[in-house]
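J.: Pasting a structure below so you can have a look.
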Amino acid sequence: MTAIVIVGAQWGDEGKGKVVDLYTESADLVVRYAGGPNAGHTLVVGGEKLIVRLIPSGILRANARCVMAQGMVVDPGVLVSEIDAVEARGCSTQGRLFVSDRAHLILPYHPLVDSLREAAAADGTRLGTTKRGIGPCYEDKASRRGARLGDLRDMKRLAQLVSRSLEAWTPTLRALGGEPPSLDAIIEELTPLAKRITPLLADTSQLIDGALRRGERVLLEGAQGTLLDIDHGTFPFVTSSSAIAGGACVGAGVGPTRIRRVLGLAKAYCTRVGEGPFPTELGGPLGERLRSVGGEYGSVTGRPRRTGWLDLPALRYAARVNGLDGIALTKLDVLTGMPELKVCVAYDTPSGRTREFPIDEIATAQPVLEPVAEWSEPIDAARSMTELPAAARQYVELVEKETGVPVDVVSVGADREATIVRRNAFA
Ligand code: GDP
Ligand code: IMO
Ligand code: MG
């Protein structure tokens, strides 16, 4: 039995889409286990780009089936347009895409509450969410109300569930100055979507178990990243789901004994989109350079991403909470030609210097930065470590030494091909 997890080790957007697509070459099943359309996973094949928000990043590889598991929250309109976009690229989803009937439905008032709350929040308390209704939908789930995808099979029952949830949200909507949408309008909108989605519904935990029993290779794809995890992230500036590797067991209904490896994805620098602490953030021309060379604009919202130096204590933290046994280091090419290069190796906190990521003192901790050697040669054509300039190689070795985790993959460009694979995911 072989299930592996691919998880973001920073604040999301580490290149999960690219690496999942790459590894799907040798996978039979690719499973998204958490989050919803707040994710934006970019796949670039032969220069052509596709951004998926809900559908697993393995979808462009005909050899693999794709599963959206019950840890997800699903906006049915987004799902149907995404299926259409994938099909329009000549890539069939028929018989290849399965959706958990237990995943929760994002309903029109969820994004509405999300947006109104963000607009009403005082400075310093705004989360900078993607406004896609993620928080309110998971709130419904935790409150044990709301509707699940399986409820799309019975529109009468669905109307009852939506009515109960809408009733619970109405005072909040009104207090925020919003108008609750009508139940009839919601059901009318959902009716044609239900016809498209119900044929895809399945007990996905059982489906994954069957695949594992047949000896198939299963890749569990995370969304967001470790530092956005509801329990282990920089709370409260986090998302509402279990993004870490352990979330794969909960979200996909796969027991921990089935997971063979966990691969963490990290950019060669850091980015964050939305509010919240980001100790190694760079202002000024260096930060701007990372943003423009790295194309650091949100794939979902288009917001400019905040940029900063690589945070090694944060990576050690991610290695711990996810149990990483491999790292894919992405976007190393973006560091080419940086006039100056630094990494964070430790933190100064009121209680002294620490090599740990100071998750509880993050607002006051000061990163200890060390300079590292720069390089100026383009590296996007490199396909082996020996083709990298010595300083770039040393940078990769520094990550290995500081985290104690081997770097299995070095990504040197957005395209599927622009990759140095040192160890296959399923090896
Ligand atoms: P995800 O959310 O983790 O899947 O990451 P996103 O797709 O949101 O953001 C990563 C961005 O970096 C996308 O635009 C990718 O096409 C791009 N990308 C991924 N790997 C590399 C790389 O090694 N080099 C460069 N230059 N771009 C990359
Ligand atoms: P992928 O899968 C980067 C951030 C938002 C905000 C916080 C909460 O593409 O890496 P939410 O809408 O989830 O309630 O927002 O989480 N966020 C992401 N940042 N990449 C993502 O996904 C993200 N999904 C959520 O910007 O700070
Ligand atoms: Mg993204």
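Numbering starts at 1 and runs along the chain as displayed.
In case you wondered, yes, glycine gets a Cβ from its N, Cα and C as well.
All TrEMBL annotations are machine predictions without curation.
So TrEMBL lists these for the protein:
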type	residues	note
BINDING	12-18, 40-42, Arg305, 331-333, 411-413	GTP binding site
ACT_SITE	Asp13	active site, proton acceptor
BINDING	Asp13, Gly40	Mg(2+) binding site
BINDING	Asp13, Glu14, Gly15, Lys16, Asn38, Ala39, Gly40, His41, Thr130, Arg144, Gln224, Thr239, Arg303	IMP binding site
ACT_SITE	His41	active site, proton donor
ACT_SITE	Lys141	active site
BINDING	Ser299, Val300, Thr301, Gly302, Arg303, Pro304, Arg305	substrate binding site
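Neighbours and distances for these, please.
T.: Under DSSP, Gly15 (GTP binding site) is assigned to coil, being neither helix nor strand in the three-state scheme.
Take the CB of Asp13 (active site, proton acceptor) and look out to 10 A: across all protein chains shown you find 28 other CB atoms.
Other Cβ atoms within 10 Å of the Cβ of Asn38 (IMP binding site) number 27 in total over all chains. According to its DSSP assignment, Asn38 (IMP binding site) is coil.
The 10 Å shell around the Cβ of His41 (active site, proton donor) contains 26 further Cβ atoms across the protein chains shown.
Under the three-state DSSP scheme, Lys141 (active site) falls in the helix class. Cβ neighbours within 10 Å of Lys141 (active site), excluding its own Cβ and spanning all shown chains: 20.
Residues within less than 8 Å, Cβ to Cβ, of Pro304 (substrate binding site) and separated from it by at least 6 positions along the same chain comprise Val273, Arg291, Glu296, Tyr297, Gly298.
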J.: Where Gly15 (GTP binding site) and Asn38 (IMP binding site) are concerned, what is their Cα separation in Å, rounded?
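T.: So the alpha carbons of Gly15 (GTP binding site) and Asn38 (IMP binding site) sit roughly 15 Å from each other.
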J.: Just give me the nearest neighbour of Thr301 (substrate binding site) among the recorded positions Lys18, Thr130, Lys141, Cα to Cα.
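T.: Spatially nearest to Thr301 (substrate binding site) by Cα position is Thr130.
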J.: Expressed to the nearest Å, what is the distance separating Gln224 (IMP binding site) and Gly12 (GTP binding site) at their Cα atoms?
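T.: Their Cα atoms are separated by 4 Å.
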J.: For the substrate site given as Ser299, Val300, Thr301, Gly302, Arg303, Pro304, Arg305, which other residues of the same chain have their Cβ within 8 Å of the site's Cβ centre?
T.: Gly40, Val273, Tyr297, Gly298
J.: Restricting to the record's IMP-binding residues (Asp13, Glu14, Gly15, Lys16, Asn38, Ala39, Gly40, His41, Thr130, Arg144, Gln224, Thr239, Arg303), give me the longest CA-CA distance in Å as a whole number.
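T.: 34 Å is the greatest Cα spacing among the residues binding IMP.
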J.: Within its own chain, what residues at least 6 apart in sequence put their Cβ under 8 Å from the Cβ of Val412 (GTP binding site), listed in sequence order?
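T.: Counting only residues 6 or more apart in sequence, the Cβ neighbours of Val412 (GTP binding site) under 8 Å are Leu332, Asp333, Ile379, Asp380, Ala381, Ala382, Ala418, Thr419, Ile420.
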